[in-house]
Amino acid sequence: MKPGCAAGSPGNEWIFFSTDEITTRYRNTMSNGGLQRSVILSALILLRAVTGFSGDGRAIWSKNPNFTPVNESQLFLYDTFPKNFFWGIGTGALQVEGSWKKDGKGPSIWDHFIHTHLKNVSSTNGSSDSYIFLEKDLSALDFIGVSFYQFSISWPRLFPDGIVTVANAKGLQYYSTLLDALVLRNIEPIVTLYHWDLPLALQEKYGGWKNDTIIDIFNDYATYCFQMFGDRVKYWITIHNPYLVAWHGYGTGMHAPGEKGNLAAVYTVGHNLIKAHSKVWHNYNTHFRPHQKGWLSITLGSHWIEPNRSENTMDIFKCQQSMVSVLGWFANPIHGDGDYPEGMRKKLFSVLPIFSEAEKHEMRGTADFFAFSFGPNNFKPLNTMAKMGQNVSLNLREALNWIKLEYNNPRILIAENGWFTDSRVKTEDTTAIYMMKNFLSQVLQAIRLDEIRVFGYTAWSLLDGFEWQDAYTIRRGLFYVDFNSKQKERKPKSSAHYYKQIIRENGFSLKESTPDVQGQFPCDFSWGVTESVLKPESVASSPQFSDPHLYVWNATGNRLLHRVEGVRLKTRPAQCTDFVNIKKQLEMLARMKVTHYRFALDWASVLPTGNLSAVNRQALRYYRCVVSEGLKLGISAMVTLYYPTHAHLGLPEPLLHADGWLNPSTAEAFQAYAGLCFQELGDLVKLWITINEPNRLSDIYNRSGNDTYGAAHNLLVAHALAWRLYDRQFRPSQRGAVSLSLHADWAEPANPYADSHWRAAERFLQFEIAWFAEPLFKTGDYPAAMREYIASKHRRGLSSSALPRLTEAERRLLKGTVDFCALNHFTTRFVMHEQLAGSRYDSDRDIQFLQDITRLSSPTRLAVIPWGVRKLLRWVRRNYGDMDIYITASGIDDQALEDDRLRKYYLGKYLQEVLKAYLIDKVRIKGYYAFKLAEEKSKPRFGFFTSDFKAKSSIQFYNKVISSRGFPFENSSSRCSQTQENTECTVCLFLVQKKPLIFLGCCFFSTLVLLLSIAIFQRQKRRKFWKAKNLQHIPLKKGKRVVS
């Protein structure tokens, strides 16, 4: 099967839900663009937990305004089912009994239909032969530990011609033995009287269910069963899924008796089925309930449907009509008002029979509980469904809520639920596990959150068997049966183990993660943020201080600058403030309050020719400014030399045209480039990453596995050459550290009950991480497990790939060329084994991925599984020793432009697991770099800032974690002892941040002082002037002389 790929995550996210073609075909055809989309969408809708009134079902399509994308209980609820919850499993007689004409059994309409309509199927004798191997069925029931077993009685096995006269003794003995064995095991029997195997004689004589004579005959048959088995049976089902009996048996012709084209016959059959059920219920209620104390119902099946637009009333109306025409057709007369739904009566008045008032009264309330079937038979074939242009969905929880609102919150038994796998799947039915998990999760949420009264659940089915129109091309059993074997051994599938665990625990226990801890990271912990490639500004943004020429504007009236020749002005030296882009970077970093900033250089910009013949000094000056200006804010840089995000990004064009990383000379060119960067920036940079995610870059060279492995080899050599160069020439003076960062998602077996999946998960880690880690951290050579696995496929003719053979010199070159371990971790992958042929890297691994739709995930399908990062850190320590580890990129995409709650949830949970690794597991974790600073337009939203630099609320959350150094106890101090240098840097930080304001303030203050000084000076001068002038006008007294 060809995998599908969803791009947009830090690594391509492969999405798998199934391993067989039939499942994939149904998934892809359902729901106008894919059932998978509907399943994932429906898992994100929380239903309103309201007490409904009859007929209020359409309210279910209104979305809850209180829904939050990070409330995990709204996606998957870790909780238990109510005490004494009824756990069961079911089968149908025709599907598993076999022996279709043995011991006096009469033929059924399906026995005839198989011979006349189904190609390549001769009979049901190839089924599980439960009629012969009853003890093996009982052992299977014991293995799972169910509370009840739902099975059907074969009407023609008891009465070969359908008429209740003398019962077939062998048939009677078989069912009596089965019931006795169940009672002995404390397993409650739930017995279905009619599961589609009408005696052929009744079809030929009366026309089957089209003739209302069958009603009385069915009642006689039911009466006999009540008499013979009622002392041991407390739960009865009259008819299993009458909709399919009528619609496919008499409408599409897909089921026996194979009639089609007569719509009036379809609704006549449905009418008679309802009346037959009602008659049997009244019979039991009057004559048997008083002393047998049992309950009786009819199993009704349905699909579920979602509106194209939840806000569109017409789409909601169509969804309501779709449900009414299938489930309401039978539920409304029995569980509702005794009549068909009003919409059906108006639309189908010419073909829909009419209930008299007395019949309505008789129909109403003829079920002691609501028995509900929700499985693949209700969803296929799609062209026969009443979709009404809307989207089919597998949301069982919504269907249960609809029943609650339409029929006044009845007690509900899930009488059939499950999915199917391809007939080639044997015991490793991984898809079935996840479908069961999804369905059971929805039932649990319906009980706990929506207060729906579900009291039991029937997994379908116990055994592989005959699957109606699909015959033996699909399997639905929890136990695998080889139909061609003589002994028909029942082998438990993975789904049987899973269901057994669910029953034992009575629900879902949270085993994967431990409780949150309180504690702090060390004071020297690196709190960082990651950015991808920073494109340098080619020219300074502010050239006015560096251009020595004088210009005159509009000298000729053309509104242009004209240079004045012969005049040169004095310029100032170049400054980092010349680059406007850097200022924006610094503003964002200052708001992040991180201690470290990881960014990548653009190799192609620094060395356009790929060698040292043409060095772009302007680009180097730009990068030096980024680092130096960051240091002024107290933010250190972790610089990545090469950060490709696709095949050619960042690789100089001449190297790209020379086959890129397939050419060994590229490694030498990288060494020269690295040496230049160490020389120009190394005095300021203490943490270096040579290559970002070489284990993903090499995947791009995928014409063959040998291309992939060759590119990886050259990438390893390039890193080692750069590390050796730094160690030899620059480390003594610069005292930095160099490593490379690996994409390092964790892997879990998709099927924990399959050894092959456990091996596949470890193989994923070997091919993904150990592929590069083993040569550098440990042996100098590729992992032995990886080499042997590829060689074994080569020997079997499945692949022509081979890992390169390293020389002794190359092993010495590679070994130990890391100063720390740098990991980019985003999610956990669920891995399954699938043997693949072909000589490519993906095929060599024999791995496929499965997405668990019950888990919280991002828009790009990145699953939020926090405990995976802790497992990864422990795995690295266990395999490569106690070394310093930096998580150099970790994050999630979140569609929110402001309140990015998913990102806050992700950060909090993942940092909790990292803290556990530090405090409990003693992993030497040295830093965490959140991915990423700013998002890019038209790409998944991983950024703390939008593409137009608007801050999101996750910044404040990350700030708080950083300032607290984790998750401290109450009243504990988060302060670290600071040196004088740190204090001074704090002052520097304030000055740099407020530099424009301070400058403006100084100018304003100086101007104000100058104006005040002038004003005071002028005032004093005026006072002196007027004083002198006034003295001149003072008169002398007569007779007085002034004697000197």
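Each Cβ is built from the backbone N, Cα and C atoms, and glycine gets one as well.
Quick look at what Swiss-Prot annotates:
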- 1-996: topological domain 'Extracellular' (TOPO_DOM)
- Asn71: N-linked glycosylation site (CARBOHYD)
- 77-508: region 'Glycosyl hydrolase-1 1' (REGION)
- Asn120: N-linked glycosylation site (CARBOHYD)
- Asn125: N-linked glycosylation site (CARBOHYD)
- Asn211: N-linked glycosylation site (CARBOHYD)
- Asn308: N-linked glycosylation site (CARBOHYD)
- Asn391: N-linked glycosylation site (CARBOHYD)
- 517-967: region 'Glycosyl hydrolase-1 2' (REGION)
- Asn554: N-linked glycosylation site (CARBOHYD)
- Asn611: N-linked glycosylation site (CARBOHYD)
- Asn702: N-linked glycosylation site (CARBOHYD)
- Asn706: N-linked glycosylation site (CARBOHYD)
- Asn971: N-linked glycosylation site (CARBOHYD)
- 997-1017: transmembrane segment (TRANSMEM)
- 1018-1044: topological domain 'Cytoplasmic' (TOPO_DOM)
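Here the features listed in Swiss-Prot are placed on the structure.
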residue : record                      : DSSP (3 states)
Asn120  : N-linked glycosylation site : coil
Asn211  : N-linked glycosylation site : coil
Asn308  : N-linked glycosylation site : coil
Asn391  : N-linked glycosylation site : strand
Asn554  : N-linked glycosylation site : coil
Asn611  : N-linked glycosylation site : coil
Asn702  : N-linked glycosylation site : coil
Asn971  : N-linked glycosylation site : coil
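A straight line from the CA of Asn211 (N-linked glycosylation site) to the CA of Asn554 (N-linked glycosylation site) spans 102 Å.
When the glycosylation sites Asn120, Asn554, Asn702, Asn706, Asn971 are screened for a C-alpha within 10 angstroms of the C-alpha of Asn308 (N-linked glycosylation site), no residue qualifies. With respect to Asn702 (N-linked glycosylation site), the closest of these glycosylation sites in Cα terms is Asn611, chosen from Asn391, Asn554, Asn611, Asn971. Residues belonging to the region 'Glycosyl hydrolase-1 1' (77-508) score a mean pLDDT of 96 in the model. In terms of C-alpha distance, the listed glycosylation sites Asn391, Asn611, Asn706 place Asn391 closest to Asn120 (N-linked glycosylation site). When Cα-Cα distances from Asn611 (N-linked glycosylation site) are compared across the glycosylation sites Asn391, Asn554, Asn706, Asn971, the shortest belongs to Asn706. Note on proximity: among Asn554, Asn706, Asn971, the glycosylation sites of the record, the Cα nearest Asn391 (N-linked glycosylation site) is that of Asn706.
If you take the Cα of Asn706 (N-linked glycosylation site) and the Cα of Asn971 (N-linked glycosylation site), they are about 58 angstrom apart, rounded to a whole number.
Long-range Cβ contacts of Asn971 (N-linked glycosylation site) within its own chain (separation 6+, distance under 8 Å) are none. Taking the glycosylation sites Asn120, Asn308, Asn391, Asn702, Asn706 in turn, the residue surrounded by the fewest other Cβ atoms inside 10 Å of its Cβ turns out to be Asn120. Shown in sequence order, Leu560 are the residues of the chain, 6+ apart in sequence, with a C-beta less than 8 angstroms from the C-beta of Asn554 (N-linked glycosylation site).
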